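Structure first, then comments.
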Amino acid sequence: MFMHLEVYYYAFILMAHMKTCCGWSVNNFLMTGPKAYLIYSSSVAAGAQSGIEECKYQFAWDRWKCPERALQLSTHSGLRSANRETAFFHAISSAGVMYTLTRNCSLGDFDNCGCDDTRNGQRGGQGWLWGGCSDNVGFGEVISKQFVDALETGQDARAAMNLHNNEVGRKAVKGTMQRTCKCHGVSGSCTTQTCWLQLPEFREVGNYLKEKYHRAVKVDLLRGAGNSAASRGAIAETFNSISRKELVHLEDSPDYCLENRTLGLPGTEGRECLRKGKNLSKWEKRTCKRLCGDCGLAVEERRAETVSSCNCKFHWCCAVKCEQCRKTVTKYYCVKRSKRVKNDNASRRKSYRLKKKH
């Protein structure tokens with residue numbers, strides 16, 4: 001329930017900013033007045049939600065796991081930080097809003113928008129022409145920019161950072177578009193192709209931005225800069241020199257190993273980690289080291305018995321009957337090291353040093 005309220009709060013403040021701070025004119029084809037905002041509000045809310053869900057997926061096994069408070073931290077000016085996690089959150093939120101608006105446009109949810117057929121009939125490359133129904137990312141980009149960027153009314157370095165990362169998110173959607181083609185020719189031959197652009201799965205956008213997160217650029221500017229024309233010029237010059245495909249941040253990240261109630265950080269104590277599994281990636285297999293060991297915590301193995309339906313059979317007519325199977329599941333958690341473990345480790349290190357001397 002909390003998340004839904006936060007998402008609709010996000011959509012509300014986007015619309016409020018649109019009504020109070022920005023002229024609502026997009027290529028002279030949008031309606032004006034409250035009805036115009038309501039048309040897109042559900043898509044904005046859904047897009048913000050998809051951004052949050054993707055953020056939580058991408059950071060599920062990181063020390064920072066995109067907590068529910070991330071949206072609040074992003075939209076409340078008094079609480080916002082300017083680290084690389086904030087950069088990712090702005091980008092994925094912006095991407096989510098643009099992606100959803102674009103998809104809903106193609107689905108026919110808006111009267112003033114449809115397929116992008118502006119290049120249809122033009123030669124795209126060797127043996128293929130533009131055609132079909134391309135997803136209208138241009139529409140999604142323009143509308144999402146009007147909504148999302150309206151949140152940043154300041155002219156300081158942090159506002160510039162957020163606007164930059166919003167743009168990175170929109171570029172990510174455009175950059176991951178996929179070309180789909182259909183063959184034309186006699187008897188199934190492919191003498192020529194008609195091609196169009198489609199949105200990828202949103203997971204592709206998330207994966208793309210997670211890579212950008214790892215390579216985010218730190219900008220050395222004072223957060224309070226922007227009180228004079230000279231400082232605003234310096235900020236603009238700095239950000240204009242950085243590619244709109246690279247995430248930027250102003251601050252180093254806090255220590256996510258430790259609990260910090262002021263920042264709403266729970267720390268990693270009590271977190272579940274992964275050790276074994278056929279389908280685990282290398283990153284996932286290292287979670288116990290990353291979340292526990294590297295944070296000075298021990299790994300505790302816990303076993304629990306679960307009950308689930310199994311051996312299901314269809315019986316005529318028309319029921320499915322299942323057995324209830326019990327299974328022991330092993331899970332791993334980060335816990336504080338006991339004094340005994342600490343003393344044992346200290347003794348081993350001392351013994352090792354003595355052996356080296358001899």
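For all residues, glycine too, the Cβ spot is worked out from N, Cα and C.
Annotated features in Swiss-Prot:
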type	residues	note
DISULFID	Cys55-Cys66	disulfide bond
DISULFID	Cys105-Cys113	disulfide bond
DISULFID	Cys115-Cys133	disulfide bond
DISULFID	Cys181-Cys195	disulfide bond
DISULFID	Cys183-Cys190	disulfide bond
DISULFID	Cys257-Cys295	disulfide bond
DISULFID	Cys273-Cys288	disulfide bond
DISULFID	Cys292-Cys334	disulfide bond
DISULFID	Cys310-Cys325	disulfide bond
DISULFID	Cys312-Cys322	disulfide bond
DISULFID	Cys317-Cys318	disulfide bond
CARBOHYD	Asn104	N-linked glycosylation site
CARBOHYD	Asn260	N-linked glycosylation site
CARBOHYD	Asn279	N-linked glycosylation site
CARBOHYD	Asn345	N-linked glycosylation site
LIPID	Ser187	O-palmitoleoyl serine
SIGNAL	1-23	signal peptide
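Mapped onto this structure are the features recorded in Swiss-Prot.
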{"residue": "Cys55", "record": "disulfide bond", "Cβ neighbours (10 Å)": "26"}
{"residue": "Cys133", "record": "disulfide bond", "Cβ neighbours (10 Å)": "15"}
{"residue": "Cys183", "record": "disulfide bond", "Cβ neighbours (10 Å)": "13"}
{"residue": "Cys257", "record": "disulfide bond", "Cβ neighbours (10 Å)": "18"}
{"residue": "Cys273", "record": "disulfide bond", "Cβ neighbours (10 Å)": "23"}
{"residue": "Cys292", "record": "disulfide bond", "Cβ neighbours (10 Å)": "23"}
{"residue": "Cys295", "record": "disulfide bond", "Cβ neighbours (10 Å)": "18"}
{"residue": "Cys322", "record": "disulfide bond", "Cβ neighbours (10 Å)": "11"}
{"residue": "Cys325", "record": "disulfide bond", "Cβ neighbours (10 Å)": "11"}
{"residue": "Cys334", "record": "disulfide bond", "Cβ neighbours (10 Å)": "24"}
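In the structure as shown, the Cβ atom of Cys317 (disulfide bond) sits within 10 Å of 5 other Cβ atoms. Of the listed disulfide-bonded residues, namely Cys190, Cys312, Cys318, the sparsest Cβ surroundings within 10 Å are found at Cys318.
In sequence order, Cys115 are the disulfide-bonded residues from Cys66, Cys115, Cys312 with a C-alpha within 10 Å of the C-alpha of Cys105 (disulfide bond).
On a Cα basis, Cys312 (disulfide bond) lies 25 Å away from Asn279 (N-linked glycosylation site).
Of all the disulfide-bonded residues given, namely Cys181, Cys310, the one with the smallest number of surrounding CB atoms inside 10 A is Cys310. The disulfide-bonded residues shown are Cys181, Cys183, Cys195, Cys317, Cys322; of these, the one with its CA atom nearest the CA of Cys257 (disulfide bond) is Cys322.
Long-range Cβ contacts of Asn260 (N-linked glycosylation site) within its own chain (separation 6+, distance under 8 Å): Pro254, Gly267.
Cβ packing within 10 Å was compared across the disulfide-bonded residues Cys66, Cys105, Cys115, Cys195, Cys288, and the lowest neighbour count falls to Cys115.
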